[in-house]
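Structure first, then comments.
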């Protein structure tokens, strides 16, 4: 085993370096899209924090999901957050698999530019929606009597701009329609559905998305309408964006096997150099987001 590791480790290192060079070249041509996506994530958090100042606790609204799904209770609200963390980090790891595996269909930079486009449009619609009508939050810390249900007026602009991170993110109120957790979940599932390669994982991903929806309602973090609106809105957003933006390149063409290391490091290095030269020559314009 140590002999195999010593022999294969340099190959893996060369592969990571070659892939990094290709991705850096792509990032140089798409950094504006990437940066815009990151900035909008902050703006979305800022908007969600701002609506908390306007939130007024009140009686929990009648909800079909609350009627059919038993309440998990405060001691089990971690279940939905744990599942969401699994979804989030699993997707992030998948987007970086081209750095390790020989078989690869995507470019990491390009897939994240597309994901940021999905998230940005969905979150823009979400901001418009939850500022249009403020509902009393069903979550435990948003109910009448909780000290966290209402925020005192900010003492400075800096207090607002810093979003009281991470407490302000975890204990927000008022940003209900529609669920941000479901935006991320559905965007990740739809992205893997289109660009992933394992059919069984795609089926499991949709099942997990349904379970996540049920857990959010059972945890009383959102009303059922927040989940329902997220399901059809995000799917429509992804559909229309895919119609407007050019298709991402498929790197799997010509690949026949999935292995951790390349069969021939010389051939693999040559292929990565060809990819890098292609993007340096300006041919990457056709595959930007």
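Placed from the backbone N, Cα and C atoms, the Cβ positions cover glycine too.
What TrEMBL says about this protein:
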COMPBIAS  265-278  compositional bias 'Basic and acidic residues'
COMPBIAS  280-289  compositional bias 'Polar residues'
DOMAIN    172-240  domain 'Sphingomyelin synthase-like'
REGION    264-289  region 'Disordered'
TRANSMEM  78-97  transmembrane segment
TRANSMEM  109-131  transmembrane segment
TRANSMEM  168-188  transmembrane segment
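The average per-residue pLDDT of the prediction over the domain 'Sphingomyelin synthase-like' (172-240) is 95, rounded to a whole number.
Shown for the domain 'Sphingomyelin synthase-like' (172-240): DSSP residue counts in helix, strand and coil, namely 53 helix, 0 strand, 16 coil.
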